[in-house]
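Report on the structure given below.
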Amino acid sequence: MQCALYDAGRCRSCQWITQSVNEQLSAKTADLHRLLAGLPVEQWCAPIGGPEQHFRNKAKMVVSGSVEKPLFGMLHRDGTPVDLCGCPLYPASFAPVFSALKPFIARAGLTPYNVARKRGELKYLLLTESQFDGGMMLRFVLRSETKLTQLRAALPWLRAQLPQLRVITANIQPVHMAIMEGETEIYLTDQQALVERFNDVPLWIRPQSFFQTNPTVASRLYATARDWVGQLPVRHMWDLFCGVGGFGLHCATPQMQLTGIEIAPEAIACAKQSAAELGLTRLHFQALDSTQFAIAQGETPDLVLVNPPRRGIGKPLCDYLAQMAPRFIIYSSCNAQTMAQDIRHLPNYRIQRVQLFDMFPHTAHYEVLALLRRSI
């Protein structure tokens, strides 16, 4: 992939950009083999790749510069701003949004936050697009509610310029730290969620719910999990760290009993909405801590699917799963190192199959899906 920002030495986020996609995939596959060394794997499935550019459905932009000439992108450690509007990871549909937002910021009087001086209001712009219908969600991350009245007054102009903006919010992040969002979310539109659709499964995206940033590869990840579960004798399943329910909603059947657990209430609201649309009455989603939920249960499902953050599921949950001994475990991970550590804490399980998904091209990161079967 050619990138003018990289060539000019202004951005180094895509550290592997000089390697071909095939070289990157080979290196990631070798890394996964290294991490799983000593753990018998019955079947290595072929790795799954995707587009090398224009694949991201989300932009996270630091806002700097002045109210008359705002700049969207990132700040180097020395405070130097870099404009990332031309980043080739973003789809072409983002460019007109960035172009319209620059004069809008002046109209609304949203002074960019100055980190060194601790002054200003607008810290970040967070833009998300639905691949399904092109609808977009825009979040203004502000230091306070001081400019809310001006922001509301200027919105009709912005919405006339960009009718694809379906969900607009103001997120309040008052802390002087590099934290992307705060707890308070103020909706500025009637619509509060974007609809996405993977493999004919409706998925909803709300402001504070996690959603994969590479929809092409994510849809294949979910479809693969559905295929694997469909080949197993599963009548009762847990989906832990379930997010908006992508895995559970793909794997569930009308006859299956499924419980999805996620600590973020916004994500659970999305999952419940999708389950209702699909008419799946035996799916139950709850906003709880996944480890605490599992340890408190007295029943054993046929299969437990886990999709934890980068830190993995941790030894307490591993120990409980080993004790509870479901017949199958599916582990989806964005950090194969912690996944390998966790699997080593499950000595009575064997890896039946594993597959790599190149969710993050031009970086060392990747997603991996592993099916574990109880051996005794």
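Cβ coordinates come from backbone N, Cα and C, glycine included.
The Cβ of CYS3 ([4Fe-4S] cluster binding site) has CYS11, CYS14, ILE17, CYS87, PRO88 as same-chain neighbours under 8 Å, each 6 or more residues away in sequence. CYS3 ([4Fe-4S] cluster binding site) falls within neither a helix nor a strand when secondary structure is assigned with DSSP, and so counts as coil. If you look up Swiss-Prot, you'll see CYS3, CYS11, CYS14, CYS87 marked as [4Fe-4S] cluster binding site.
Here Swiss-Prot flags GLN212, PHE241, GLU262, ASN307 as S-adenosyl-L-methionine binding site, drawing on sequence analysis. Look at GLN212 (S-adenosyl-L-methionine binding site): DSSP puts it in coil.
Annotation source Swiss-Prot lists active site, nucleophile at CYS334, citing sequence analysis. Residue environment of CYS334 (active site, nucleophile) contains 19 other Cβ atoms, counted within 10 Å of its Cβ in all protein chains.
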Candidates GLN212, PHE241, GLU262, ASN307 (binding-site residues) - the one closest to CYS334 (active site, nucleophile) by CA: ASN307
Cβ neighbours within the same chain of GLU262 (S-adenosyl-L-methionine binding site) - under 8 Å, at least six residues apart: PHE241, CYS242, GLY243, ILE268, ALA271, PHE285, ALA287, LEU288, SER290
Position of peak Cβ density within 10 Å, selected from the binding-site residues CYS14, CYS87: CYS87
Secondary structure at CYS334 (active site, nucleophile), reduced by DSSP to three states: coil
